[in-house]
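Engineer: The structure under discussion is supplied below as structure tokens; questions concerning it will follow.
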Amino acid sequence: MTAVPTNRRAIVLAFFVAFGFLFGYDIGVISGLLVMPDFVQRFGQENPDGSFTLSSSRQSIITSLLSAGTFVGALGQAFTADRFGRRPTILIWSVIFTIGVAIQTATVHSVAQITIGRFIAGLGVGAMSAVVPLYNGETAPKALRGTLLVLYQVQIITGIFLSYVIDLGTHAVKGPASWRIPVGLQLIWGFILLSGIFFLPESPRHLLGTGKREEACAVIASLNSVPLDDPLVDVLVDELQYAINAENEGGKATWMECFSPVNGLWKRVVNGMMLQFLQQLNGQNFYYYYGDTFFQSAGTDLSPYVIQVILGAVSVAGTIPALWAIERVGRRRLLLIGAAWQAVCALIAGLSGHFTLAPPGTDISALTARNKQGGDVLIAFAVLHVFGFSMFWGPTPWVYLGESFPLRIRPKAIALGSATNWVWNFLLSFFAPKIAADIGPLILLIFFGMLVVAFVYVFFFIPETKGLTLEEVDEMYRSGVKPWNSTSWTPTLGQRAHEKAIAHEIRQEREKDDSM
């Protein structure tokens with residue numbers, strides 16, 4: 001009798017790997033550090049009056065080196081994931097991240113040291129941004145894959161939110177503890193992941209792809225909480241092996257094959273890269289950078305630290321319903337709803353801010369009732385925009401990235417998508433302040449236009465992958481299904497694989513009976 005599989009261990013493993021991506025903390029913590037007095041004094045430039053200033057160029061260097069590292073790390077993990085496996089890759093890049101954090105924490109006065117530390121930590125952040133969805137996508141059951149991949153975004157947002165809370169709690173502390181505590185706490189995330197990685201199994205798909213069937217059987221049994229000799233194990237492994245053989249007929253892939261027309265590979269890779277590009281142009285980062293300015297224009301005296309905590313809390317709240325919606329509503333529909341939702345928010349906030357807000361720097365006592373009303377409208381739609389991003393466009397592109405590619409190009413394709421995200425993250429952080437300084441809230445109309453583009457792109461090019469195994473997603477692309485018809489498409493590969501596995505099991509039983 002075949003056991004009924006359970007997924008408790010798969011859930012625990014996916015959650016643990018996602019926990020490692022409290023590395024999102026490293027992205028958010030720096031904004032608070034840049035205005036802490038001790039940090040400015042140590043890494044800024046002395047003025048004639050004896051005060052210290054952290055120039056915009058130094059702020060840019062300290063901030064952007066993380067993004068530079070993430071780009072390199074996102075591409076670099078593809079080499080380690082293919083050569084050493086998914087589990088060792090997580091270990092390698094976790095060590096690199098931890099080293100980078102240690103370098104930052106130990107810095108005394110050297111701008112070069114703290115920027116190098118952020119670059120090295122960025123290598124780990126970028127690599128993990130690719131290998132986490134890769135690993136979770138290959139180990140999670142199809143019914144839970146979307147939910148478990150959303151944990152990735154939940155942990156990024158949670159990490160950013162925690163960084164804001166801790167910055168708020170330490171910014172008034174005298175001396176280097178004000179910034180060393182927020183930076184040094186990242187060592188905890190690294191050590192937790194490093195200690196737990198030894199208990200994680202290797203991806204069963206990677207094991208089968210490299211000819212290690214016995215090890216794959218042991219992992220499958222463990223992930224489904226059944227004995228190794230249970231018939232379910234052979235059935236599942238045979239199904240996976242059949243599907244992997246079918247999708248890997250072309251042999252080992254090169255980087256150029258990611259853009260091959262065979263089996264629609266180029267379409268999938270471009271879709272993954274486009275979703276990451278459009279995600280960064282949703283406009284949510286603008287609120288993080290300039291939310292304090294607009295809150296103050298509305299007549300509030302909240303500090304930038306408190307404003308960051310508010311936006312961070314809204315972001316965390318938005319990811320919670322996404323855990324439920326990703327498998328009920330579906331990926332494609334979430335992206336369409338999210339693009340429409342955020343486009344409306346960006347349009348109203350941009351127009352309201354342009355026509356009603358007072359110029360930046362206006363004293364609160366000089367604000368008119370119209371200024372305050374306009375600020376209230378902008379604040380309301382900023383919160384709705386950030387909430388919508390966290391629920392729709394924050395997690396869903398990462399889910400697609402983790403489930404859209406055949407085994408042989410999966411690490412490389414995910415690396416390209418993740419690297420695209422980090423490149424545009426860097427470009428936006430560099431150029432958005434300059435654009436906003438020239439046109440103010442009208443920058444939100446640029447994001448409005450990009451969200452309209454995102455809606456159109458998703459409708460015509462992004463298929464629904466909810467409820468499909470990774471191998472069935474491959475079949476759908478190879479079948480040439482139109483994206484707008486994908487919700488009603490029924491796969492056949494899984495059924496053929498299942499029938500072949502059952503036939504193999506029946507033959508074994510007959511051979512066993514004949515030998516008796």
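Each residue, glycine too, has its Cβ placed from N, Cα and C.
Remember, it's a predicted structure, so these values are computed and weren't measured experimentally.
Here's the feature list from TrEMBL:
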TRANSMEM  12-36  transmembrane segment
DOMAIN    12-466  domain 'Major facilitator superfamily (MFS) profile'
TRANSMEM  56-78  transmembrane segment
TRANSMEM  90-110  transmembrane segment
TRANSMEM  116-135  transmembrane segment
TRANSMEM  147-166  transmembrane segment
TRANSMEM  178-200  transmembrane segment
TRANSMEM  334-357  transmembrane segment
TRANSMEM  377-401  transmembrane segment
TRANSMEM  413-433  transmembrane segment
TRANSMEM  439-462  transmembrane segment
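Mind running through what each feature is packed against?
Structural biologist: The average pLDDT for the domain 'Major facilitator superfamily (MFS) profile' (12-466) in the predicted structure is 82.
Panel annotation: around the transmembrane segment (56-78), residues 26-27, 30, 34, 43-45, 89, 93, 96, 100, 111, 114-116, 118-131, 411-412, 414-416, 418-419, 421-423, 425-426, 429-430 of the same chain, lying at least six beyond its termini, place a Cβ under 8 Å from a Cβ of the stretch.
Long-range contacts of the transmembrane segment (90-110) within its own chain (CB-CB distance under 8 A, at least 6 residues past either end) are made by residues 17, 20, 23, 26, 42-43, 69, 73, 77, 80, 84, 116-125, 127-128, 131-132, 135, 180, 183-184, 186-187, 190-191, 193-194, 197, 200.
Long-range neighbours of the transmembrane segment (377-401) within the same chain, counting only residues 6 or more positions beyond its ends whose Cβ lies under 8 Å from a Cβ of the stretch, are 133, 145-146, 149-150, 152-154, 157, 271-272, 275-276, 278-279, 282-284, 287, 291, 294-295, 297-298, 310-311, 314-319, 321-322, 325-326, 331, 334-335, 337-339, 341-342, 345-346, 348-349, 352-353, 356-357, 414, 417-418, 421, 441, 454, 462, 465.
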Engineer: I'm a bit unsure how to read this: which one of 116-135, 178-200, 413-433, 439-462 has the highest number of Cβ pairs shorter than 8 Å with the transmembrane segment (334-357)?
Structural biologist: 439-462
